[in-house]
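Visitor: Let me begin by handing over the structure; questions about it come next.
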Amino acid sequence: MATGWGSLLQDEQQLEELARQAVDRALAEGVLLRTSQAPSSSHVVSYAPFTLFPSPVPSALLEQAYAVQADFNLLVDAVSQNAVFLEQTLSSTIKRDSFTARLFDIHKQVLKEGIAQTVFLGLNRSDYMFQCNPDGSAALKQIEINTVSASFGGLASRTPAVHRHVLSVLGKTKEAAKILSNNPSKGLAMGIAKAWELYGSANAQVLLIAQEKERNIFDQRAIENELLARNIHVIRRKFEDVSEKGSLDQDRRLFMDGQEIAVVYFRDGYMPGHYSLQNWEARLLLERSCAVKCPDIATQLAGTKKVQQELSRVGVLESFLPGQPEAVARLRATFAGLYSLDLGEEGDQAITKAIAAPSCFVLKPQREGGGNNLYGEEMVQALERLKDSEERASYILMEKIEPEPFRNCLLRPGSPARVIQCISELGIFGVYVREGKTLVMNKHVGHLLRTKAIEHADGGVAAGVAVLDNPYPV
């Protein structure tokens, strides 16, 4: 997957000058994060880490990832509506994973009371890597699907201009023209706006559940600004604020500070550390309301690793997408090997295989946010500890994807420009809206490319490992 940046990466003086220009353009374009020293304040900000050059992505795999996104939207939506499947699939996990168990408890309470919301909104991001086959070709393999707080749609809208600028400075105008336009924040806002419209109350607002210490606020503001341009007002609140000032009326309409809420958009609530007892009570209040939750609790559960693993079993996709063999084939083509670790012969065999060949597998807990997976010797030690315990059911085992590395230059605040061997992860943003049983929107709305040094096994931009990038189609 050669791109022709090779000679450019060898001229240290030119790289330093290009890096200065690229950083200034990134700041001008709004590729920004708050600092780790002051994550609650925008008084001092920095550029978000990014690559100096766009990275090579096979055009066919980019097209394949876009083509399958509507299928993944349908699949997640179908899973979220199947309470029996969710209960059966997560039954072993919730015995040992307290976070998934708490989410599932809320799911059961809402089902028992009766789901009040009639409009459903999914904003997700399906993430892939490019498996390098023995013959040198590359294959698209899904890492995971993020159904809650799928981030960087805002900043990904602003990075193409930076890479076009870098290539233009070098006189590479043809190459600059190959960088795809990309505006996920506009598409994500379109989904929220559609859900708001279907809710049917012109004065209702969108409630964005956020953390107080939020370095990635500019990513979120991009979506807020798109909504405001449509005259849809967004209020940012923490779970604690919902506990103190949120309420439901007799029709289970949600009010915040006396203002009716049409859509609740979660940019918090996807990790155990995000919840105190008070926050769990706030989440239940939100779920009980007729406001459109993005995601509702069932959709968050549909995005767990255990559900991902069960969907890879023979016949399961067909049960969710009956009469759609082409969609099933598109989905299955992206699946890597996924293995249950539930107690029993199947789980025992998976553990034996992984301990025998640790370089071929990844051990994944039911966690979002990056930096949670175990590899190599660390994975072997965990499996040896877990193999006779019920706790192993809170993990899944996944075939390790081995992409072909390439060289790029990574730019991080406070660090020198660094040319290094890298690998990339491609995310495709999907949006769907359903009213009752009728799907009224189902589309892909843009992409995100993140790149990291091959020495880092796990973790994304927010975890401080990967940097923002753009695909250079090859």
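Placement of Cβ uses the backbone N, Cα and C atoms for every residue, glycine included.
Owing to the predicted nature of the structure, the values given are computational and were not obtained by experimental measurement.
The N-acetylalanine annotation in Swiss-Prot covers Ala2 and rests on similarity to another entry. Annotated substrate binding site per Swiss-Prot: Arg125, 148-151, 214-216, Gln220, 267-270, Arg450, 461-462, in sequence order. Annotation comment: Swiss-Prot describes Glu144, Asn146, Glu368 as Mg(2+) binding site. Residues annotated as ATP binding site in Swiss-Prot: Glu144, Lys305, 364-373, Tyr375, 398-401, Glu425, Lys452, Asp458. The annotation phosphoserine is assigned in Swiss-Prot to Ser415.
Help me see these features in their spatial surroundings.
Guide: Annotation note: Gln220 (substrate binding site) sits in a helical segment as assigned by DSSP.
Around the Cβ of Glu144 (Mg(2+) binding site), 19 further Cβ atoms fall within 10 Å across all displayed protein chains.
Note on Tyr375 (ATP binding site): other Cβ atoms within 10 Å of its Cβ, all shown chains, come to 15. DSSP assigns Tyr375 (ATP binding site) to coil in the three-state reduction, outside any helix or strand.
Residue density at Ser415 (phosphoserine): 9 other Cβ atoms are found within 10 A of its Cβ, drawing on all protein chains shown.
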Visitor: On the three-state reduction of DSSP, what should I expect for Lys400 (ATP binding site)?
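Guide: Where Lys400 (ATP binding site) sits, the three-state DSSP reduction gives coil.
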Visitor: With DSSP assignments reduced to helix, strand and coil, which class does Asp268 (substrate binding site) get?
Guide: coil
Visitor: Tell me, by DSSP, whether Ser149 (substrate binding site) is helix, strand or coil?
Guide: coil
Visitor: Which secondary structure state does DSSP assign to Arg215 (substrate binding site), in the simple three-class scheme?
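Guide: SS state of Arg215 (substrate binding site) = coil.
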Visitor: Looking at the binding-site residues Asn146, Ser149, Ser151, Gln220, which sits with the largest number of other Cβ atoms within 10 Å of its Cβ?
Guide: Ser149
Visitor: Could you tell me which three-state DSSP class Ser415 (phosphoserine) falls into?
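Guide: Where Ser415 (phosphoserine) sits, the three-state DSSP reduction gives coil.
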